[in-house]
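Engineer: First the structure, then my questions, so here it is.
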Amino acid sequence: MKTLQAWAMQYRLFLGILFLINVLLGITVIGQSYAIVQIVDSVFMESTTFQQIVPYLMGLAAFLLIRTFLNYTNARIGLSLSHHVRHSLRNALTTKWTKIPVEQTGESLTGSRITTLIEQIDQIDPYFREYIPQVIKTTILPLLILIAVFYVNPNSGWIMLITAPFIPISYILIGVKTQQKSERQLAELSRFSGKFLDILQGLPTLKLLGRGKEQSDILQQNNQGFQNTTLSILKIAFASSFFIELIITLGIGLLALEIGFQMLVYETLAFASAFFILAIAPEYYNSLKELGSAFHTGRGSLAAAEQISKELDKEERPVSWGSQFIEGPIRLDANSLSFQYDDGFELYVNHFTLAKQKRAVIIGPSGQGKTTLLNVLAGIYEKQQGELRLNGELRENIDENSWWKTTSYISQQPYLFSGTLRENVSMGEHYTDDEVTKALQTSGLQEWITSLPQGLDTNIGEGGRGLSGGEKQRVALARAFLKKPTMVFFDEPTVGLDVRTEQILANSIDALAETATVLTVAHRLPTIRKAEWLYVIEGGKVTAMGTPEDLLITSPYYQSLMKRGASDANTH
Ligand SMILES: Nc1ncnc2c1ncn2[C@@H]1O[C@H](COP(=O)(O)OP(=O)(O)OP(=O)(O)O)[C@@H](O)[C@H]1O
């Protein structure tokens, strides 16, 4: 629970208020017992008149009211503490996610992962709402009661002090015993739900194969296993609460016995004192018992806290930028450039150069690092070593905004936001409808827009739902046409596009290449054939670089590609 404790310690003011409230609560509980004792003693032992006990009755009512108010405030502060911690964790996670470099977003930022983590923040609620206030209460209340009892009758104080640890010890023993079983129960549950989902999804196939009955039996067995584990945990839970109640009863019984001896045999204790001890003892044991159950509730927050803190502690590799403004046609140069995914695939580029306004392509077998290289050169991934120069200036000295203003990056799966087509193309910049329409036309979407009843005002779902891969790329191209970049990074789709879309994409790139340096990760022969300059990537290294004529001599990969010739439309 170290992580949770550390989070709680950031809210010392709340903890201080909780401490104060519980000191007052302790005083109220003692005062309430004192008032009850005085009323009973006056009425039964001293036969006083009603008039004389009125102040005690009023005192009792006041203590009861104050106690209710303090308990309410205690719960409110717990709630508020939990709200503040969860709010700041949500903020911390969102800040973290917005800063995560693109390279890491793929591995950590899927929608379902975000949802799971945000939901897990709510699972830490019981720790702050119940456990923390209860820990503070259990630290202060029994202590104050103990001081009062020691003051009234030290012998009873000793009995209460010695019997108290049995309650937390029992809880710890039960916790240890049930932990393994609960873990097994969780495993059973996930096995059961996995199997259930699997069978449900494959039901039509199973029916066709006549295997429905067998699967139903398997499901029954899994269900039985889960039931048995749950029941065995429940058995321990029931037995344990019986055991703890027994300890409390024995503790109070022992106290009664000792008090009885002192009152009747040794006559060293007055009735009022004895009654006070017996009236306050249940408060003492109950608050210890409540800590145990709050502890179990709080433990449920543990796994969620671990997940959240793991996410928060994840190392970031942000791309560093500087203040040098960049514009005009771009030239790229790189030396000894290296990049590695967390202990995974490694890219190393000894030497790389791309002249201004050249039309270059990166080729190579699948999974060898073409996209990775494109991303490092575009400044989406941070290089680990080496130097990358843009127009002769080190990349880290370039102003990030001016770079992205000059650049268009068209990935294999461009992201479209939930919003209108106009918003998705203009991306926050101001363009007239004519300009937007023209850009969409140049990227071959003319027919498509005219078929849309709402035209540019058509709403596009999150992630471009309802648009094909080719349409998404064409919307991304339209963005590029509006931007008029001087550097274009284009990751050609690997998935098969229809001939017409392919032609439109090629024409669009041709149009962009008139005014920009274009670097394409190419998968298609027509694109490769149009290249003025080529790079071959194999095993994360640039194995050849030059004009198509150069490569026919220096690169066996390029030679074999050209040999396969026109019959092979794809390099894969
Ligand atoms: N985010 C990532 N984390 C870890 N490894 C990755 C990540 N992205 C890619 N890789 C790995 O890096 C290697 C190179 O991937 P990359 O996408 O650069 O290859 P590619 O040559 O562009 O492939 P393709 O032609 O199939 O698109 C692959 O082995 C891939 O599995």
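Heads up, the Cβ atoms here are built off N, Cα and C, so glycines get one too.
Whatever TrEMBL says is automated annotation, not expert-curated.
Just lifted these from TrEMBL, have a look:
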TRANSMEM  12-33  transmembrane segment
DOMAIN    17-300  domain 'ABC transmembrane type-1'
TRANSMEM  53-70  transmembrane segment
TRANSMEM  135-152  transmembrane segment
TRANSMEM  158-176  transmembrane segment
TRANSMEM  236-257  transmembrane segment
TRANSMEM  263-281  transmembrane segment
DOMAIN    332-564  domain 'ABC transporter'
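Set these features in their place in the structure for me.
Structural biologist: Counting only same-chain residues 6+ beyond the ends of the transmembrane segment (158-176), those with a CB under 8 A from a CB of the stretch are 142, 145-146, 149, 236-237, 240, 243-244, 247-248, 250-251, 254-255, 258, 281, 284-285, 288-289, 291-292, 295-296, 299.
Cβ atoms under 8 Å from those of the transmembrane segment (236-257) belong to residues 156, 159-160, 163-164, 166-167, 170-171, 174, 177-178, 181, 277-278, 281-282, 285-286, 289, 292 of the same chain, restricted to positions at least 6 beyond its ends.
Per-residue pLDDT, averaged over the domain 'ABC transporter' (332-564), rounds to 87.
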